[in-house]
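Peer 1: Attaching a single structure in structure tokens format; questions to follow.
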Amino acid sequence: MDTIKFDTIESAVEDIRQGKLVIVIDDEDRENEGDFIAAADHVTTEMINFITREARGLLCVAVTMERARELQLDPMVQRNTSQHETNFTVSVDAIAEGVTTGISVYDRATTIKMLGDPASHADSFSRPGHIFPLRAMDGGVLRRVGHTEAAVDLARLAGCSPVGLLCEILHDDGSMARLPELLKFKEKFGLKLITIKDLVAYRMQRNKLVERAVESKLPTAYGEFGLIAYESFIDHHNHMAFVKGDVSSGEPVLVRVHSQCATGDTFASLRCDCGNQLASALRMIEKEGRGVLVYLMQEGRGIGLINKLKAYNLQDEGFDTVEANEQLGFKADLRDYGIGAQILQDLGVRKMRLLTNNPKKVIGLEGYGLEIVERLPLEIAPNEVNQFYLETKRDKMGHMISCSCHKGH
């Protein structure tokens, strides 16, 4: 996609401000699809008619978490197993004069506009309906690089209510339209075509999810590091960066993005390999003489300490680590790397040699404009307690582990 001349984010925002549609495409490593996106404030019957005729996808409306709470838009399901964690709520129709079955272009346009109208309330809608709201993560594309977050971000940047219409664009044969077809759409209808990657870069230059709170020095058993504490504007958690040497020179930097594991990092739990990975990463950075370890407060792959301990109990009953999370209603891995990416950007890191076995982490960081020039494994020899855990991460979560684990169990 780098050889294609995409439109600027500024030009797309101006079109949305003027009530026009834009085409937004995401990364080839993710859904690799294009969506029509517009601000809910400017939706018309003509626009809905055009979208249903030309795009043929599902009409959805992206709303903020706050707006979803105001309108009591509850999750469509309690256990979301969507591949890309698309956060659907229960579908709705507007309760308003002239709205009948909810399916006409007038009915759907009215529902969409009312979802963005601050005067609307929970009782303004019937459930289920013909419009599908989606809850965007707080922080937008800086937290999740999806069309849902892009729709909210673009509407907000255009000075509209942070509620956006989006619809996937399908090919004539019903398959997903990819970049060549989307370029034809752009030329045929005179629409702007932008990428979520460019929107992330635009917001990274203008908006911050974290700020430096304090800097200090920390002598450790592995060496002395500069320690920088960050405060998140989104969840108000404190995250840390252990820094060795000059990491802002432009040369590739040895990097580890490590999520908190109190049981492993602090108490040397044998259930996981987290504590040993943390120690190994710090040793490797010290030996290198230059590098960063970002420590994110995402306990238990994002489910928190209490739920992690509940998952331990389920594992003792015979469930593996993925099944235990699913039994509790969670995806196998709820971590996001937007905050970690902003910390690395703040430190001046642009190219990295990433210490990880996790392919999701590679994709997650690359989505924020950071170049991973090399992936280095961080393998820990299994013990009799965590061998099945490591096998599960390899076999079910795609972790690139080539340790002396044996398939089975």
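Here the Cβ of each residue, glycine as well, is placed from N, Cα and C on the backbone.
According to Swiss-Prot:
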BINDING   GLU31  Mg(2+) 1 binding site
BINDING   GLU31, HIS147  Mg(2+) 2 binding site
BINDING   CYS261, CYS272, CYS274  Zn(2+) binding site
REGION    1-205  region 'DHBP synthase'
REGION    206-409  region 'GTP cyclohydrolase II'
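Looking at the shown structure, can you explain where the listed features end up?
Peer 2: Following the DSSP three-state reduction, the secondary structure of CYS272 (Zn(2+) binding site) is coil. Just so you know, the Cβ of CYS272 (Zn(2+) binding site) picks up 22 other Cβ atoms within 10 Å once every protein chain is counted.
Note on the region 'GTP cyclohydrolase II' (206-409): mean pLDDT across this stretch is 85.
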Peer 1: Among all chains shown, work out which of the binding-site residues HIS147, CYS261, CYS274 has the most CB atoms within 10 A of its CB.
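Peer 2: Going through HIS147, CYS261, CYS274 one by one, the largest Cβ count within 10 Å is at HIS147.
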Peer 1: For CYS274 (Zn(2+) binding site) and HIS147 (Mg(2+) 2 binding site), what Cα-Cα distance in Å is obtained after rounding to a whole number?
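Peer 2: Distance between the two Cα atoms comes out at 33 Å.
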Peer 1: Residues near the Zn(2+) site, CYS261, CYS272, CYS274 excluded, by Cβ within 8 Å of the Cβ center?
Peer 2: THR263, GLY264, ASP265, SER269, ARG271, ASP273, GLY275, GLN277
